[in-house]
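What follows is a set of notes on a single structure, which appears directly below.
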Amino acid sequence: MILELDCGNSFIKWRVIHVADAVIEGGGIVDSDQALVAEVAALASVRLTGCRIVSVRSEEETDALCALIAQAFAVQARVAHPVREMAGVRNGYDDYQRLGMDRWLAALGAFHLAKGACLVIDLGTAAKADFVSADGEHLGGYICPGMPLMRSQLRTHTRRIRYDDASAERALNSLSPGRSTVEAVERGCVLMLQGFAYTQLEQARVLWGEEFTVFLTGGDAPLVREALPQARVVPDLVFVGLAMACPLD
């Protein structure tokens, strides 16, 4: 079995899959390396034969995680690294090594699934969008604060905005104008996300008309799902690209 890891800015998304058919044995989201090891170790009858990682962490943090995995499960982790071109997709950055690996792998996965022009909208800690043309040219993209960052900034820099996570969840039952601070903040942030997504969709239409596929991924993708009914929701899109970048037998 293979352990796949997507190490983001705030959390680690993980899953264990069977080598032969990629059937998922288990998975989850954790907030620390130690929690990751504990959750994977708790899976019954799992014997890992490999591990592959995509990380936007520092090199030192990623190396430390690889060492921990080697110690806990006796496997050497393969870490995805930036390249100028792979699987028919050409990196669109002037300095290709500066493109975040999560964005690069999501673009690879999307192009592989779409077999043509595609727009990737990834809504996590940051909201990201990337455009890939029908001939595999990565045309660049956009990054702005995602829901967690918008919420955090308002809570941190506005003294009278204070509420708990349960209140935030209840506030999202509707997007009508808020009648409390928590409703106003949470719904306003969702509308910001939806506006970001709409703008990317219009950009794609200018480029390609209607001849493209939209992919939604990331933990907050459900918040814009109704606004983009034509989009394909692929929660593990980065893992699709990771398997292409780091094949394991």
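Cβ atoms are placed via backbone N, Cα and C, with glycine included.
Within 10 Å of the C-beta atom of Thr125 (ATP binding site) sit 19 other C-beta atoms, taking all shown protein chains into account. Among the features that Swiss-Prot reports, ATP binding site is placed at Asp6, Cys7, Gly8, Asn9, Ser10, Phe11, Ile12, Lys13, Thr125.
Marked as substrate binding site by Swiss-Prot on the basis of sequence analysis: Tyr93, Gly100, Met101, Asp102, Arg103, Thr181. The Cβ of Met101 (substrate binding site) lies under 8 Å from the Cβ of Val54, Ser55, Val56, Ala80, His81, Pro82, each of these being in the same chain and 6 or more residues away along the sequence.
Per Swiss-Prot, the feature active site, proton acceptor maps to Asp102; the stated evidence is sequence analysis. In this structure, Asp102 (substrate binding site) is part of a helix by DSSP. In the structure as shown, the Cβ atom of Asp102 (substrate binding site) sits within 10 Å of 26 other Cβ atoms.
Listed in sequence order, Asp102, Arg103, Ala106, Lys128, Ala129, Asp130, Thr217, Gly218, Leu237, Val238 are the same-chain residues six or more apart from Asp122 (K(+) binding site) with CB atoms under 8 A from its CB. Taken from Swiss-Prot, the feature K(+) binding site covers Asp122, and the record attributes it to sequence analysis.
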- [ ] State the Cα to Cα distance, in Å, between Gly8 (ATP binding site) and Tyr93 (substrate binding site), rounded to an integer.
- [x] 20
- [ ] In three-state terms from DSSP, label Thr181 (substrate binding site) for me.
- [x] helix
